[in-house]
Amino acid sequence: MITRTFEFFSPHEITPDMTEFLSSLREHACVGVVGGSDLPKICQQLAGGDEKAVHSMCEYVFAENGLVAFKGGELIHKADLVGKLGDEFLQRFINFTLGYLSKVQLPLKRGNFIEFRNGELELNPVMNWLNYINQAGCYSMINISPIGRSCSQAERDAFVVYDTEHGVRSALVAALNSEFRDANLSVCIGKVEDGREKDAGSGQISVDVFPRGWDKTYSLQFVEKEGFEAIHFFGDKTSPGGNDHAIYEDPRTVGHSVTDPSDARRQVEELLKLR
């Protein structure tokens, strides 16, 4: 029986039997979950919104890639974009970005060009608003949309076609990287698979900006000095461009690429010799 390994999971919506399995794992290893989403979303995925149940299953819970970190149900760390970058820099960043976007000519523009976000938010605008109320002032990324997030679905679809042809967002990324090359920022566009963008969280019409290193590897600082024999990570978006790739490839972890929760269970059972 391996008792000093750390099992890291990327969250998914799971079945009750998988929930029971995760709970039973604590008899064999220390268990943690790390996700880019905020805590309510992770709890919804793992336990139907029951935060207490999630902390019971997992000794460590890392929301927003570990910017909000829990151990044994207790909050041990909370980082914030404003605290990290400062209002002076953020105002300079916002002024430059708005100035740049004002010179970009598109077939149309709407409103809400810059949005501060906490984690990978749901596409449901009502849930987004509730999350902002619950975590007001605690942000982990900036989302920038050249067309404006107030656009309709039809306008969004038209922008996707236009952006594919004209590289609007790619040009924005290049401009931000050039202007703020010494600010140590990651500027990301979602990865395209099967004609749809996914993984990086920026969706079809926008770009995400956050401090470099604020990916899932951020969470490793809280477990790497705990004396574990090994830190195992299980995730499905482990290919280059996926939001599990950095922690999967990190030398501090033993990475396991999985296809779904049932595959993760099979690999864990084999690793811990439970089958």
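Backbone N, Cα and C atoms are what each Cβ position is placed from, and that goes for glycine too.
Bear in mind that TrEMBL entries carry predicted annotations, made automatically and left uncurated.
Straight from TrEMBL, the features:
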{"type": "BINDING", "residues": "ARG117, ARG149, ARG156, SER206, ASP208", "note": "alpha-D-mannose 1-phosphate binding site"}
{"type": "BINDING", "residues": "ASP236, TYR248, ASP250, THR253", "note": "Mg(2+) binding site"}
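Other Cβ atoms within 10 Å of the Cβ of ASP250 (Mg(2+) binding site) number 17 in total over all chains.
Taking every protein chain shown into account, SER206, THR253 are the binding-site residues, and of these the Cβ with the most other Cβ atoms within 10 Å belongs to SER206.
Note on ARG149 (alpha-D-mannose 1-phosphate binding site): other Cβ atoms within 10 Å of its Cβ, all shown chains, come to 18.
Of all the binding-site residues listed here (ARG117, ARG156), the one with the fewest other CB atoms within 10 A of its own CB is ARG156.
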